[in-house]
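Copied over from Swiss-Prot, here are the features:
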MOTIF     37-61  motif 'Twin CX3C motif'
DISULFID  37-61  disulfide bond
DISULFID  41-57  disulfide bond
């Protein structure tokens with residue numbers, strides 16, 4: 001995003017707003033991951049420790065989620081690049 005038309009104070013404010021929004025998005029993503037993997041993997045509530053199966057499930061769940069997020073991010077970047085090329089022509 002181009003903030004060059006704003007003065008220094010406005011640029012700083014916009015940067016803080018964007019940073020706050022990014023942190024909120026990250027926390028929402030993290031909370032969703034925790035909830036999804038907990039609901040899918042936590043089965044035995046008789047112990048504080050995770051079972052071997054639960055540990056494996058959590059690892060697989062987080063790996064799958066992160067790979068999916070990476071793929072979505074890559075597709076978004078590709079789409080953004082196409083949009084920028086289309087706007088430049």
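Just so you know, glycine gets a Cβ as well, placed from its N, Cα and C.
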Using a Cβ cut-off under 8 Å and a sequence separation of 6 or more, which residues in the same chain sit near residue 57 (disulfide bond)?
37, 40, 41
Tell me the Cβ neighbour count for residue 61 (disulfide bond), meaning other Cβ atoms within 10 Å of its Cβ, over all protein chains shown.
18
With DSSP, how much of the motif 'Twin CX3C motif' (37-61) is helix, how much strand and how much coil, in residues?
15 helix, 0 strand, 10 coil
Mean pLDDT across the motif 'Twin CX3C motif' (37-61), rounded to an integer, is what?
96
